[in-house]
Amino acid sequence: MKFEALIGLVLVFLSEHAGVYSAKFTFTNKCPNTVWPGTLTGGGGPQLLSTGFELASGASTSLTVQAPWSGRFWGRSHCSIDSSGKFKCSTGDCGSGQISCNGAGASPPASLVELTLATNGGQDFYDVSLVDGFNLPIKLAPRGGSGDCNSTSCAANINTVCPAELSDKGSDGSVIGCKSACLALNQPQYCCTGAYGTPDTCPPTDFSKVFKNQCPQAYSYAYDDKSSTFTCFGGPNYEITFCP
């Protein structure tokens with residue numbers, strides 16, 4: 001089952017088992033250049049107080065998120081203010097024209113961290129997803145909690161091995177992102193739609209294997225759940241690192 005399809009059901013379950021707890025998310029940028037993280041709350045919930053911010057190379061900052069919550073984080077790169085005064089990014093742009101994304105998601109390709117936070121020390125679900133393509137190496141690590149609580153990441157720079165058909169190039173011709181085959185080729189066998197709309201009929205493709213071989217912990221395509229979804233109990237905090 002796709003991660004997004006779980007959001008509504010999980011939030012309903014969590015609301016019926018309500019307690020109050022907050023998770024601290026610490027963001028660290030180990031990339032050589034500035035990254036502009038974006039945040040998006042799913043399931044129709046209210047957006048976080050910060051929906052986007054600047055994070056200089058070597059810098060760290062934190063956000064507090066109250067459970068239950070489900071949503072995603074990502075990094076934007078190659079950002080600037082254009083001649084009309086609008087803030088734009090070459091990868092991960094959310095189209096708001098501002099550093100804050102204001103409830104808008106990332107334009108692919110973008111490496112995503114996806115989470116569902118439980119209340120009352122329940123079970124959190126989380127993953128790193130490349131279903132929408134790749135732009136930056138990223139890692140998510142729980143701190144505290146109980147159970148498996150394993151970190152997950154895509155630490156490799158897939159841009160260096162991205163197939164030509166999937167490459168997203170910057171103004172200087174360098175590869176700054178790697179599109180999913182679904183986005184680049186728009187075929188049902190890559191998008192897991194139509195006759196390919198089940199796990200049995202939509203196996204990994206040569207393109208998704210490029211992502212999986214580089215980042216075995218991350219979702220490489222829609223039906224990668226078994227190896228790419230992680231869990232943690234007990235209300236952990238989380239660290240998100242760009243270019244770990």
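Using N, Cα and C of the backbone, Cβ positions are placed for all residues, glycine too.
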**Prompt:** Cys215 has a disulfide partner in Swiss-Prot; which of Cys154, Cys162, Cys178 is it?
**Reply:** Cys154
**Count of other CB atoms lying within 10 Å of the CB belonging to Cys191 (disulfide bond)** = 19
**Asked** Which of the three DSSP-derived classes (helix, strand, coil) applies to Cys178 (disulfide bond)?
**Response** strand
**Prompt:** When you measure from the Cβ of Cys149 (disulfide bond), which residues in the chain that are at least 6 apart have a Cβ under 8 Å away?
**Reply:** Pro142, Thr231, Cys232, Phe233, Pro236
**Fill in**
For Cys89 (disulfide bond), the spatially nearest of the recorded positions Asn150, Cys182, Cys191, Cys215, using Cα atoms, is Cys182
